[in-house]
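So the structure is just underneath, and the comments pick up after that.
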Amino acid sequence: MILAGLFGTFAGLAALCFATDRHYRQLRNRAPSRAMQAALQTAGIALLVIAAVACRAEWGWAMGIVAWFGMATVGGLVIALLLPWAPWGGVLLGLLGAFAAIRYVAATASG
Amino acid sequence: MKGSFTRSMAWLHTWCGLLFGWLLFAVFLTGTLAIFEHEISAWMRPELRQANTAPREMALARAESLLLQTAPRATSWRITLPAADDAEPVVLRWREAEAFTTRYMNPATGEVIPVRDTEGGEFFVDFHANLMAGNTGLWIVAGMGMAMLAALVSGIVIHKRIFRDFFTFRPSMRAQRAWMDGHTLASVLALPFHLMITYTGLAMSFTVYMPVGITMFFDGSAAALRAQVVTQFERPAAHQPAEMLPLAHFLAPAEAILGRDSAETVVVRNPGDTQMVVEIFRRFDDRIAAVADHAAFDGVSGAPLGSQTIWNRSVLAWRVMVGLHMAQFGGDVLRWLYFLSGLASTAMIGSGLILFVLKRRVTHSMEASRFDHAVERVNVAAVAGVLIACLAYFWLNRLLPAGLTERGAWEMGLLLPIWLVTLLHAMLRPPARAWIEQISVAAVLSCTLPIVNLMTGGLPLAGAELGVDAAALGCGLAFGLLAWRMTRRSRCGRNIVAPTSGPLSRYR
């Protein structure tokens with residue numbers, strides 16, 4: 001659950017980051033289409049919610065919120081520091097993180 | 001100067017940030033290190049690695065017999081047990097003739113482990129809380145905290161593109177832009193942490209700087225307030241010896257009240273007296289509120305004297321803030337998150353100090369005043385010098401001979417001279433060079449710390465030390481990267497600008 005929280009916040013912020021004009025341009029040299037932007041924003045918020053659920057499962061609400069904010073800070077810093085050097089690395093890590101976060105949460109929910 | 005609201009906020013942010021930032025950098029850096037107080041203490045007492053595990057009842061029985069031998073006349077004993085499966089020593093502390101003594105016992109053998117004299121991680125806690133200057137220091141740090149809040153709020157006001165610049169970091173642009181990006185990045189992404197840690201830090205010691213309530217309702221005695229909130233089971237000694245029950249006997253009834261495997265600290269008042277009291281405190285690393293439920297027993301008859309597991313709500317609200325600040329809950333992951341967020345705060349303050357100089361260089365481009373020169377030099381010592389002094393503390397812990405008298409005092413006492421040397425160095429060297437040189441020293445000190453640990457009695461891959469070594473290596477690499485980039489930039493800068501040589505040309 002801890003890993004789901006870490007991956008989820010990172011992937012969620014990465015998605016929100018690439019939903020902006022400025023950072024999408026770092027990948028494709030043009031602004032994202034409306035649909036792409038909406039999809040990235042939805043995915044980003046969904047992943048942040050998944051991470052919050054994971055934090056609650058691990059720590060309960062009170063501590064979970066503290067942990068969620070901490071993870072969001074660290075996740076945001078990682079993506080921001082990655083962008084100038086390896087923007088596509090951010091995409092790759094974001095996808096891996098999203099996959100891992102969903103897998104962890106799904107595995108716990110089913111078993 | 002102060003034409004509009006935003007401009008006056010910018011003025012406040014600039015000057016408040018500069019004047020208080022010098023000391024705030026040290027306060028936040030030591031506070032960040034203080035999160036790992038226990039790990040640092042363990043790192044600094046490598047002797048304690050001999051400790052093995054033992055069942056808690058046995059450990060407590062051994063602690064009791066050791067205390068009966070060494071401190072039978074003490075007015076109180078305090079025995080801190082390790083968590084159920086931790087290979088940690090039992091900490092014994094007793095009070096005899098108004099003086100406190102601390103010893104570490106191996107729970108598996110019942111013998112005292114001799115350790116070097118050091119304050120360990122507590123030094124960082126003390127410096128962070130009160131600059132090692134008692135209540136005066138506490139007042140100073142509280143003033144710093146108020147200034148920090150003012151700088152944070154004014155910073156939010158003057159930052160016009162919080163969401164647009166949320167992830168923006170452009171290290172390859174000109175220096176002022178790159179540092180500004182770093183500054184806002186560290187500020188915005190860790191903003192919940194900055195606000196929380198500053199506010200709770202102020203709320204923690206409110207009784208010291210807002211004493212009116214205590215003066216009016218408790219005759220100015222904080223102890224009287226405490227006595228009303230924390231149920232007291234103390235009683236005066238009768239000075240008549242009595243046969244005491246074995247302490248291990250009390251664990252089961254206490255944990256029936258406090259919860260399984262939850263007892264952490266056993267306090268014995270008037271040991272061996274007819275009025276002996278055994279009070280057992282619960283660990284509180286599984287909740288945010290820093291309150292320890294406790295249960296007390298008569299030490300001679302074993303009869304329960306009472307317990308406290310329910311707390312006054314306003315006290316609980318306050319202790320939640322204390323707990324939020326001290327970060328002893330939620331395990332290692334949460335403390336690493338606190339540590340990284342704390343580094344972000346520290347980086348925010350450091351980059352803010354650097355920005356002050358860079359911005360003034362742009363606005364007053366023709367000539368730097370004596371004030372600007374002084375600021376630039378103090379900046380080097382307040383940021384890089386403090387980093388070096390903190391690292392020197394770890395080095396001194398391993399390099400000073402173990403038998404030195406007043407060793408703990410030497411470890412701390414040498415830090416001020418070391419910091420003064422960095423200040424002197426910053427005054428003598430051109431600032432651009434001083435930055436590079438001091439950050440490089442910090443990088444070397446930090447990167448080689450794991451090696452020093454290994455060469456002076458540390459184990460490479462053992463629990464708490466691994467964390468300290470890994471953090472040192474990580475920070476060291478970051479300092480190295482920073483020094484390298486600074487060197488590259490100053491080379492390019494010299495080729496493009498500044499035809500004249502000598503220190504002054506580099507101010508531009």
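Just so you know, glycine gets a Cβ as well, placed from its N, Cα and C.
Listed features, source TrEMBL:
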type: TRANSMEM; residues: B:12-36; note: transmembrane segment
type: TRANSMEM; residues: B:137-158; note: transmembrane segment
type: TRANSMEM; residues: B:178-197; note: transmembrane segment
type: TRANSMEM; residues: B:336-358; note: transmembrane segment
type: TRANSMEM; residues: B:378-396; note: transmembrane segment
type: TRANSMEM; residues: B:408-428; note: transmembrane segment
type: TRANSMEM; residues: B:440-460; note: transmembrane segment
type: TRANSMEM; residues: B:466-484; note: transmembrane segment
Positions whose Cβ lies under 8 angstroms from the transmembrane segment (B:440-460), at least six residues beyond its ends: 43, 46-47, 49, 384, 387-388, 391-392, 394-395, 398-399, 466, 468-470, 472-473, 475-477, 479-480, 482-483
Segment proximity, the transmembrane segment (B:408-428) to the transmembrane segment (B:12-36), 3 or more C-beta pairs under 8 Å: no
Intrachain neighbours beyond the transmembrane segment (B:178-197), with Cβ under 8 angstroms and 6 or more residues off its ends: 31, 148-149, 152, 155-156, 159, 162, 165-172, 324-325, 338, 341-342, 344-345, 347-348, 351-352, 354-355, 358
Non-local residues, at least 6 beyond the ends, that sit with Cβ under 8 Å of the transmembrane segment (B:378-396): 21-23, 25-26, 29-30, 33, 43-44, 123-124, 350, 353-354, 356-357, 410-412, 414-416, 418-419, 422-423, 426, 431, 434-435, 438-439, 441-442, 445-446, 449, 452, 472, 479
Remote residues contacting the transmembrane segment (B:408-428) - C-beta distance under 8 A, at least 6 residues beyond either end: 117-119, 123, 132, 377-378, 380-381, 384-386, 388-389, 392-393, 396-397, 400, 434, 437-438
